[in-house]
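Annotated in Swiss-Prot:
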- Gly112, Gly113, Thr114, Gly115, Leu116: pyridine binding site (BINDING)
Amino acid sequence: MIFNCKVKKVEASDSHIYKVFIKPDKCFDFKAGQYVIVYLNGKNLPFSIANCPTCNELLELHVGGSVKESAIEAISHFINAFIYQKEFTIDAPHGDAWLRDESQSPLLLIAGGTGLSYINSILSCCISKQLSQPIYLYWGVNNCNLLYADQQLKTLAAQYRNINYIPVVENLNTDWQGKIGNVIDAVIEDFSDLSDFDIYVCGPFGMSRTAKDILISQKKANIGKMYSDAFSYT
């Protein structure tokens with residue numbers, strides 16, 4: 001469905017990630033893990049909805065974390081739309097990699113960069129629905145300065161006994177005490193058998209496809225219990 005939107009709030013972080021809160025002209029239902037398509041200067045740009053479906057008056061999008069022209073252009077577009085209160089168009093909701101909240105299986109959530117927005121929606125929904133099974137969240141970034149939601153996730157892990165948060169930094173450039181390297185390698189190191197897990201993945205396209213291939217071949221992951229919109233493309 002097509003909606004006209006306005007930007008109601010923009011939150012910047014030290015890591016150059018922007019949380020953009022947009023308000024559609026009509027509320028619509030979506031599932032945790034779905035995304036919107038923003039029409040921007042003749043381009044169709046997908047953004048995961050970062051908030052829980054129970055909070056649908058404003059949609060939270062995470063923008064940035066990349067020097068790619070599309071990311072810079074999107075940030076500029078949203079900031080200008082906020083300053084001048086210009087309307088823009090989205091198409092929503094989209095995506096089949098939504099949370100299967102009826103499942104009792106443990107959850108493995110894997111995010112790369114701003115792929116955390118997708119994972120954040122799923123995690124927030126798990127908390128809202130009081131799901132009690134173990135939840136493991138692995139978040140991989142290039143350097144620790146890009147962990148823009150690190151404290152928020154640490155707080156949730158401390159508050160809920162079933163949530164385990166594991167940040168992974170690929171390039172060490174400071175006094176980092178956590179895991180170092182590729183986020184998929186970190187998962188491989190920590191698990192021997194993923195056959196019972198529901199696995200949700202979001203990040204760069206190559207990372208998502210690599211996660212699928214490696215976790216199935218090396219860790220017995222069940223393809224029927226793995227979810228990522230990247231899996232829809234060959």
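Placement of Cβ uses the backbone N, Cα and C atoms for every residue, glycine included.
Remember, predicted model here, so these are calculated numbers, not experimental data.
Sequence features, as recorded in Swiss-Prot, placed on the structure.
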residue	record	Cβ contacts under 8 Å, 6 or more apart
Gly112	pyridine binding site	Trp139, Gly140, Val141, Val183, Cys202, Gly203, Pro204, Met207, Ser208
Gly115	pyridine binding site	Ser48, Val201, Cys202, Gly203, Pro204, Met207, Ser208
Leu116	pyridine binding site	Ala50, His62, Trp139, Ala149, Cys202
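The highest number of surrounding Cβ atoms within 10 Å, among the binding-site residues Gly113, Thr114, is found at Thr114.
In the three-state DSSP reading, Leu116 (pyridine binding site) counts as helix.
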